[in-house]
Amino acid sequence: MDTAIILGLLVAVFYGVGTFFAKIVCEKNPLFQWIVVNIVGIILCLIILLKYKNIIITDQKILTYAIISAVLVVIGSLLLYYALYKGKASIVVPLSSIGPAITVALSILFLKETLTLPQMIGIVLIIIGIILLSISN
């Protein structure tokens, strides 16, 4: 099996289990969950920086993209935790899962990536599933 596929599945497992525990915390205080996630992230970043000292990129364009990405991901995680506080994980999480379809669309438009027919069908089925989950509320 392709390494990227294995890593993608691991991401899904880690996000899935992590979001389950986040839902439990968010029922008490979504800001606390967000703060803990960011503190743990900073600690992990420091560990990585100590190990890989030449990881810093000084190219302005790449740095700008990295900052934009970080701001959007941080805001997205805060909104996810607040949504978990306000609603059911069974509704919020599938709705938030449309994010990868947005990434795919942007990658096709701007990075000129292409999809095979099975990939297109898979994305359409995911979107249909998300719609069905959201209207069943």
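Backbone N, Cα and C define each Cβ position, glycine as well.
Sequence annotations record features per position, and here Swiss-Prot assigns domain 'EamA' to 13-135.
Feature annotation from Swiss-Prot assigns transmembrane segment to 4-26 (among others); the stated evidence is sequence analysis. Tertiary proximity for the transmembrane segment (4-26) is limited to same-chain residues at least six positions away from its ends with a CB under 8 Å from its CB atoms, namely 32-33, 36-37, 80-82, 84-85, 89, 93.
Among the features that Swiss-Prot reports, transmembrane segment is placed at 35-57 (among others), with the record citing sequence analysis.
Residues annotated as transmembrane segment in Swiss-Prot, with sequence analysis given as evidence: 62-84 (among others).
What Swiss-Prot records for 89-111 (among others) is transmembrane segment.
The annotation transmembrane segment is assigned in Swiss-Prot to 116-135 (among others). Among residues of the same chain six or more beyond the transmembrane segment (116-135), those with a C-beta under 8 A of the stretch's C-beta atoms are 90-91, 94-95, 97-98, 100-101, 104.
The average pLDDT computed over the domain 'EamA' (13-135) stands at 92. Here the domain 'EamA' (13-135) is broken down by DSSP into helix, strand and coil counts: 102 helix, 0 strand, 21 coil.
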